[in-house]
Amino acid sequence: MAKDSEAGGFAAKDYHDPPPAPLIDVEEFTQWSFYRAIIAEFIATLLFLYVTVLTVIGYSSQSDVDHGGHICGGVGILGIAWAFGGMIFVLVYCTAGISGGHINPAVTFGLFLARKVSLVRAVLYMVAQCVGAICGCALVKSFQKGLYNRYGGGANSLAEGYSTGTGLAAEIIGTFVLVYTVFSATDPKRSARDSHIPVLAPLPIGFAVFMVHLATIPITGTGINPARSFGAAVVFNHSKPWNDHWIFWVGPFIGALIAAFYHQFILRAGAVKALGSFRSTHSV
């Protein structure tokens, strides 16, 4: 029998934590939904890189005074941030019901640490995301090769005047903001508790990406997504992005790890629950 408690005129739903995903789920290989999810991650990341890298190159071209542009031309940093955040909003909305709408190896890594996805799914998602990012950047280069090469292909690298530590910290904190938002927006316990408050999960996730880009574009060009940085580096293939490339894997993965720990073990009291379960099991 359901136990609904009235709070402020609204009924709070019963809630039970979903079981953790198995480390290796062999049955996934027999399900079409598994392969459909991988395809969805590939296509979503391809579209994400295609639109966003085109936006970056378009702004660079329109604001280049040495090649007929205007210093105030183009969409500006604000427009670039909107392009990244807006595309994440759109693509997460489209793919959330199919693959979960990760579109980012750091998000996948964080969800794997929280036992939301299996190891097999996490690895194949990351592969699909990286390949999709390469294809998205290659598509941009095939359409605008001259502009692509002239303006850096949207590749991430550490800006002049910033230390490696500053760039790494920017990526860690930025990814923490994103992955923490993902956990909060998709928390099933929150959905059950605040069922009277409609939450469109892609919206805060997209806004998180937008806000982080405003803060860190001047420092690293904003990675917070290893697939995005990897795809651009592969297709542009110059030494500067490759020299700095480790920052855009290490930083986001550390940020995702901290966000997963904070949400699962601090906010959701996972450590306290585990300790309580241990004590009750070993009590006489």
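Glycine too: its Cβ is placed from the backbone N, Cα and C atoms.
Among the features that TrEMBL reports, transmembrane segment is placed at 34-59, 71-98, 118-140, 199-219, 246-267.
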Do at least three CB pairs under 8 A connect the transmembrane segment (34-59) and the transmembrane segment (199-219), leaving out pairs fewer than 6 apart in sequence? no
Here the stretch out of 71-98, 118-140, 246-267 with the most C-beta pairs under 8 Å to the transmembrane segment (34-59) is 118-140
